[in-house]
């Protein structure tokens, strides 16, 4: 019985992991084991919020070396990360400056300038991507305006996962699913849109042709001298998470729940009609030519910040205390850009409630209750928008990613959306990363086959909607309200 060993490097905004997957083709058994975990945080450099990619590279290499030290022969490696951020390289392949985080405020006002100069409808017609103030489209314009000295030194721009693949292999690659998050890929041609790039001022020569997931970028030479293929997986972490979502049929929606919440459905065609533009829906690239028609929601970033500020270490204890509180006393619009990166998330939530003339949450449990209720109600609104867009209701919602461990939020989501929820797998991004590697190794034929492997191996939990819950009764009152978009 053959066993394949694939390594997934999964980088998030607050932490990174090197995970080892073992796959037995006979029983189609798939197991995951964490090899190395490390923190990831922003550092202030010359007034910008930057990623310490040198430290991250060191941690990635350490994790890979740990696998090799155990005598395991790695069959392949794949890397997935968050989207939109990039690294500049010079002609010698050396890094130019530090990559600036999407949470930095350098792009302030640039989205509005783009709309005024290019037209909102025209940008959407070309890209099909949701308007977010930190998209690479606006980041590059900020670079050209604020750091022209770096522009003259640069020869290439690589998105974060492609940069780390380059550091392991020495080969350049521009992976398609992540490239689409930039708002710079033409939705009709799957290549870089020259009109949009020209607006940024960045040269087209910085970018190579986007390639769909599944190609071997190059090889990493392990300490023992073995040449290990580095696969271009669906390198946007949400694209990987969707691959691992065990969607039963085309009437199932997904919610990738983590720092960001991304809710959507799969489609063979993009949705770029006026209604999609009005709803600020995104059409990001997926595997096998599928589109991830979805909407970005601020997600558990709010909770992560509150936990840190309130010095909460027992999350499950907090959730239990939160569940005992009445629902829907404190309501915020989680997609208001005031929550992107405030000095104090707790104070910002309190200020938002105060501004709305509501009771103000004081304790950590009240703040968490505010976040959970507000997210669940926003999930319901977005799910309705998506159903209206496709002209059909959804039969089921799959919640995947780290956030699916929050049973209270899962039940609130089921109640608010009035739909059956299936939670799991937790390690969705890692599993989707592994799935593309297994397809590249010819162990599996396609995404649907891999999803069956996920169903057979992952722990899944069902949540049935309760129409008599407090939040279900509140939905009718919440739905007509307008929420702000992140581009406001």
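The backbone N, Cα and C atoms fix where each Cβ goes, glycine too.
These numbers come from a predicted model, not from an experiment.
Annotation source Swiss-Prot lists active site, proton acceptor at 237, citing sequence analysis. Around the Cβ of residue 237 (active site, proton acceptor), the same chain contributes 10, 11, 12, 80, 81, 82, 83, 429, each under 8 angstroms and 6 or more positions distant in sequence.
Summarising the environment of residue 14 (ATP binding site), the number of other Cβ atoms within 10 Å of its Cβ, over all protein chains shown, is 14. Look at Swiss-Prot and you will find 13, 14, 15, 16, 17, 259, 304, 402 tagged as ATP binding site, backed by sequence analysis.
In the three-state DSSP scheme, residue 237 (active site, proton acceptor) falls into the helix class. The substrate binding site annotation in Swiss-Prot covers 83, 236, 237, 238, 296 and rests on sequence analysis.
Per Swiss-Prot, the feature disulfide bond maps to 68-222 (among others). Around residue 222 (disulfide bond), the C-beta neighbours below 8 angstroms that are at least 6 residues distant in the chain are 64, 65, 68, 74, 228.
Per Swiss-Prot, the feature disulfide bond maps to 353-370 (among others). Following the DSSP three-state reduction, the secondary structure of residue 370 (disulfide bond) is helix.
As annotated by Swiss-Prot, disulfide bond applies to 413-417 (among others), with the evidence given as sequence analysis. Under the three-state DSSP scheme, residue 413 (disulfide bond) falls in the helix class. Neighbour list (residue 413 (disulfide bond), Cβ cut-off 8 Å, at least 6 residues apart, same chain): 255, 375, 376, 379, 380, 397, 399, 421, 463.
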Cα of residue 417 (disulfide bond) to Cα of residue 296 (substrate binding site): how many Å, rounded?
17
Largest CA-to-CA spread of ATP binders 13, 14, 15, 16, 17, 259, 304, 402, angstrom:
18
Work out the three-state DSSP category of residue 83 (substrate binding site).
coil
Which of the three DSSP-derived classes (helix, strand, coil) applies to residue 15 (ATP binding site)?
strand
Densest Cβ neighbourhood among 15, 259, 304 (binding-site residues), 10 Å radius:
259
Residue pair residue 13 (ATP binding site), residue 236 (substrate binding site) - Cα distance, angstrom, rounded:
13
Whole number in angstrom, please: the longest C-alpha to C-alpha distance across 83, 236, 237, 238, 296 for substrate.
14
